[in-house]
Amino acid sequence: MSNRVIIFDTTLRDGEQALAASLSVKEKLQIAMALERLGVDVMEVGFPVSSPGDFESVQTIARTIKNSRVCALSRALEKDIDAAAQALSVAEQFRIHTFISTSTIHVESKLKRSFEQVLEMAVGAVKYARRFTDDVEFSCEDAGRTPIDNLCRMVEAAIHAGARTINIPDTVGYTVPSEFGGIIQTLFNRVPNIDQAIISVHCHDDLGMSVANSITAVQHGARQIECTMNGIGERAGNCSLEEIAMILATRKNLLGVETGINAKEIHRTSNLVSQLCNMPIQSNKAIVGANAFTHSSGIHQDGMLKAQNTYEIMTPESIGLNRNNLNMTSRSGRHVIKHRMEEMGYSEQDFNLDALYEQFLHLADKKGQVFDYDLEALAFMEAQAAEDNFYQLQQLVVQSDSTEGVATATVRIDVGGEIKTEAATGNGPVDAAYNAIARATDRRIDIISYKLGAKGEGQNALGQVDITAVYHEQNFHGVGLATDVVEASARALVHVMNLTCRADKVADYKQNMHKNRELGGV
């Protein structure tokens, strides 16, 4: 048996079914090209018979993708197969994926047919699809709840009809690993022509078992896993591609199989899918979550500084990240503070570690996470100055033209004791507020992340805006709270402006410090 596991991505078909709004053809093509760079073997990109838009997107992707095999879904109906074949005909290599329900509840309640009739439809669909390509995949929908005798008969008949891949879906995420592995094992034991097809699995996450079930299936002989980027999909989602890829890579010593995935593209592809699908990734998501390579415990941080593999079983670089994060919080020890200062280029004679650590703990207790620029400010500025706000937003007035989409914002800001009033227009109220604040502070920043949330519940909830901005090639993080979203955005912007102002003062101090050294001063 081959030790190569085929990665069948269905982000653009099953994954898209979870979205509140459909992706455009251009967005689907962007994702398809990213999946090709990632190295997926097969990408299922739509259901052509379902709509003209889906047909167009499948055809566009089929015409563009060269290295991955492009696949389209069809029911066990000739009109579906015709549409799939027509949309895929421009591809260099393609697959038709046809399916029918096989569980008793689906056969009787949904299809309202006998199992024998369904078996006949399945065989007919596979034979018809083979007229267009020799790469036909057949799926037994709801295989996880299908009586095993019926499942064995269906699989044998589909292979005999010409299916090269047989997919065994846990459509409703019902099975547990021991049970699902037993199904795969039984198929290998009882289906006489099983060696003439690749066994595939397609697991859903309703009980949180999709990845575990897929791995168990591989251990029992499955050699294709159907999955989606970030695990998006119907209901609770699908088996997560990034988790599967990294499990098989990290535990190759146990599982003895490999994929063709270029793992260094995982982070970039995950972010693209998250942004285009408007589905944020939870921070604690395995592999691609913001906290996946972040360490906050002082004990863990100490271990990481001594040997990275004490608390990391894979490296952030392996998925395309630059490095891990040692979050500086009140749980961090002196060694972490010393390490961060040294990484920023300071020697021990530049700062008093004991005094700095005491100030750090005071700030961390108030603020939570402390960033590098906070640490520098504590080291080189008086504590009071490090926390002062040079810019203070006193008033914000916004007017919007609903017909033109242009907004005007007027701000009154205290700039180091001097009151400044500025007005500006923008593409919407937040953009206008930013332009007005930039005028008043005479500072320009590039916003690279904008997140809107809420603090509190019901009518008492406050809008919370978190932004990340770049200033002089350094990232700064601002937070704003207000009952109004635009005001919260403005406060977050002013917060960042204050941080950049403080950073400039620290830079001046450092420059003077270096000059004094060169002159032989203290």
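Just so it is clear, glycine is given a Cβ too, placed from its N, Cα and C backbone atoms.
Source: prediction; values computed, not measured.
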Same-site residue for Mn(2+) (record: Swiss-Prot; known: Asp14, His202, His204; options: Asn150, Asn230, Asn238, Asn253):
Asn238
In the same chain, which residues outside the set Asp14, His202, His204, Asn238 have their CB within 8 A of the centroid of the CB atoms that define the Mn(2+) site?
Thr10, Pro169, Thr171, Cys203, Asp205, Ser210, Glu226, Cys227, Thr228, Gly233, Glu234, Gly237, Cys239
Please identify, from the binding-site residues His202, His204, the residue with the sparsest Cβ neighbourhood, meaning fewest other Cβ atoms within 10 angstroms.
His204
Counting Cβ atoms within 10 Å of each Cβ, the densest environment among the binding-site residues Asp14, Asn238 belongs to Asn238
